[in-house]
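What follows is a short report on a single structure.
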Amino acid sequence: MGTASGDDDRHVMHQGGGVNLSARRPFSEALRSGLAETFFPDDPFRGFGALPPKERAWGALKYFVPALEWVPQYGIDKFKFDLLAGITIASLAIPQGISYARLANLPPIIGLYSSFVPPLLYAVFGSSNNLAVGTVAAASLLLASIIEDEVSPEDNPELYLHLFYTAAFFTGIFQTALGVFRLGLIVDFLSRSTITGFMGGTAMIIIMQQLKGLLGMKHFTSKTDLISVVGSIFKYRHEKKKMPHLFWVSAIAPFMVVVIGGVFDFLVHGDEHGIPIVGDLKKGINPISISQLRFNGKHVGVVVKAGLLSGILALAEGIAVGRSLAMIKNEQIDGNKEMIAFGMMNIVGSFTSCYLTTGPFSKSAVNFDAGCKTPMSNVVMSVCILLVLLFLAPLFKYTPLVALSSIIVVAMIGLIKVKEFIRLYRVDKFDFCICMVAFVGVVFFTMVIGLSASVGLSVLRALLYVARPATVKLGNITGTEVFRDVKQYPHAKSVPNILVLQLGSPIYFVNAGYLRERILRWVEDEEHICKGHGQDLQCLVLDLGGVTSIDNTGIGMLGEVHKGLDRKGIMIALANPRLQVTEKLVVSGYIKDTIGEESVFLTITDAIASCRYGLRRFRGKEGCSEV
């Protein structure tokens, strides 16, 4: 029995533990594989190679124009749902469009323009059946806060408006480029915690900004931080008017608030009694604005900054909303297609008097609840907005600003997710800190500072995980060949005289020094444990199954660890190295010249069996020498 076991052990050791050390890939193949995993994890064109050229071209076209997939199967059974959903979201788009345009200090008609053209583009290029396109409060205020630092909307309203168009153009170019080159990983730096905190903080400052309309004040600060807003209320407190009863109608649906408010103001001539109104809205569809884009002059840097920041924020919100709603219906949306769709919306929108649009949560949720089936609901909404622009726009002249302010306040209250804050605190304290940095930064400083600080903290956290990866000691689950973390599974038993460590991170220059010190500290601690039992540590097994990559510094670190352990008479064995790691260890000579092929194994069990065999041989030689 013992002889058979010894033969098996020798076989395992001499075969290199079953690991294929001769597997090598050409550099071009390795590079292509790495790029594909980074930029094409979903492999959208798989299976295209076997198709004829025409079918391949048609398949590629359908990928970039998703409407070609659902339009041929579209019928009246789906249209009746989309018709109802489209009319419903149009009733929300009208007051929101006007309100958010005023929030950005733009002419109210621009909000309606931005709800006409972009939805048509999204219906063609968008991949979500649930997303409803329109302007959003957070991006509107972010754009205003950046552009107002350069151009005042009161002193130069024409230039101010043109800069908004230009910012939308740069946003569109940026978003389209991200989608075409599949660089959506940039948006991933906006974590869910960051978005939650940023939206909550933005909602707070938007609510504070609406105090001007709710209190009937003529003067107000253009800054967004809490101190400036409170100071402005105190400074211009003599301008406060008695709030009309219309304020309490804000619990009714937004469209009814606008209609009732407009009728009320018209009948009582509210504008003559100190109730500010929207003012004239000209009939007609979007005028062409391509000639109004500003690509030269001293303001280019500002619009580029505004376009990029608001573009990233709009992408993060739109894609997050689309994915959340798709999960409920067990559907899939393509983030890169969404980026292209948003980009096309904003490029064409900048040519047709629109400012930044995306997929807002409130409107998309209404679209979803109304039973939409396809992006056709956006087309229906767009047609409704077209009718308003052609025939009904002047009727909204009498809409009181207090009605718009109340609509915004009610919409923003839902964005302050107190329950989510509490959940983050319970689940992950670091995520809670990231969320609070965004919230506090937006409320007390500026939107850009709050967003930047939160993203910076998120990136710092990611870097800490890379620079300080976890290493765990593994023990054997009794009766199995399974090895697990001894802290998570206290009943897992350590192997006598053998230390098994699991490395679960790529080994790069940034963490190589830390891993060396951590491994040696594990070895030192294990030596003390072994000596307490009258034994010596004889072997270290490194489980490399979780190490996805290694660089030259990492290889050097493994060499240093081997030298340090060799001086102590401790053997080292590697278990389950991945292809990317094995290639570099073989080419560098680490396996052949340092530890030997017989020290690389397919499993931890094989590595332990070989270590035990080596220990028996060593002890056998000691016994012979003593005799």
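Along the chain as shown, the residues are counted starting at 1.
Backbone N, Cα and C define each Cβ position, glycine as well.
Not measured: the values here are computed from a predicted model.
What TrEMBL says about this one:
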DOMAIN    488-611  domain 'STAS'
TRANSMEM  83-101  transmembrane segment
TRANSMEM  121-147  transmembrane segment
TRANSMEM  159-183  transmembrane segment
TRANSMEM  189-208  transmembrane segment
TRANSMEM  245-264  transmembrane segment
TRANSMEM  339-358  transmembrane segment
TRANSMEM  379-396  transmembrane segment
TRANSMEM  402-418  transmembrane segment
TRANSMEM  430-451  transmembrane segment
Quick check: do the transmembrane segment (339-358) and the transmembrane segment (430-451) share at least 3 Cβ pairs under 8 Å, counting only pairs 6+ apart in sequence?
no
So which of 83-101, 159-183, 379-396, 430-451 has the most C-beta pairs under 8 Å when paired with the transmembrane segment (189-208)?
430-451
DSSP-assigned states of the domain 'STAS' (488-611) in counts, ordered helix, strand, coil:
66 helix, 21 strand, 37 coil
